[in-house]
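Reviewing the structure listed below.
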């Protein structure tokens, strides 16, 4: 629908589609570090409800976009307002669940996004049929309806979004104590330390956090490429815009099951790295198939592989990092940095899939393959590091970050 808005308003000259795509990510990156501090100060329900309602209002404004500057402003605001969602969810979830219950929950959050991505093209197709009603274009109706739904959900969400366990209002004291006890026995940080800007900056001195950030960057590149360019790639295979929209949905259905399967296996086996690596190989296979297969059917099959491989990879990387961090403040810093790198990955994806490479986008697909190879290399590096530290602890060395009994998750 973004492409339709640009085309309809004659704003699609040059690289403007890529620009309005990555300006969204810039807005998201800017709010990552402040999110960790705000989350503890104002609470998850207030912060996320405000962001959701505001997001919906900006969507409503986008229905009436007429100028390039107006569109850029709306996209930047959407990025700022979406930015807090993922780090807030991962942080809050990690305070309620043990390390090996986490990835299924993160994958569940991702599945909701996949469902939205899968059914959004179908909804967009249906709403586009309203083109001309009440003097509005089809893409305007899409923004109006989706914006209204978002505002309604935002108003309701304030009553249902939980905060950290010690601030919850729906459990008894005994039940809250049990939640905190489970987390304390698992990793020893159920009691929250203060999350301040200074503590976050101090934790950013740890090189491993930065490696996790780059890993998340690599995992988000194929996701972003798929969400922004799948319908364009499908159109390049010869299908009409309407059919390309409809064909965008099925790959996300497979991705939904793939994400939950890998999350369940990873939590069950208490391992992260092997399952992340398996999904990366699936993604690489899909990228190469989409780039070079002479058959449109096989290229479409490659898109299925990309979707199923990348869907569970980002939740896996988030769980891998969160499992290997102690203290609330360090986890807030780690998640904020990772999601910030994810925003950089989105910018990278939107700028490497260039208009002149239509219809196959081979350079962009190869850039994405290189990111997957880098992810594998960094996964190996961190796994070796964690194995070495665990071995030192087993042989009587100092405990990991002063926490007795804690071992890194591989």
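Counting starts with 1 at the first residue shown.
Including glycine, each Cβ sits where the backbone N, Cα and C put it.
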Item to check | Range among 139-161, 162-184 that TrEMBL annotates as transmembrane segment | outcome: 139-161
Next on the checklist: Applying the under-8 angstroms CB criterion, which one of 46-71, 77-97, 245-266, 365-387 scores highest with the transmembrane segment (332-353)?
Outcome noted: 77-97
Next on the checklist: Do any residues, 6 or more residues outside the transmembrane segment (139-161), come within under 8 Å Cβ-to-Cβ of it, and if so which ones?
Outcome noted: 1, 4-5, 8, 44-46, 48-60, 62-64, 123-124, 127-128, 130-131, 133
Checklist entry - Out of 46-71, 207-233, 365-387, which stretch touches the transmembrane segment (298-320) the most, going by CB pairs under 8 Å? => result 207-233
Checklist entry - Which value does the mean pLDDT take for the domain 'Major facilitator superfamily (MFS) profile' (1-385) in this predicted structure? => result 85
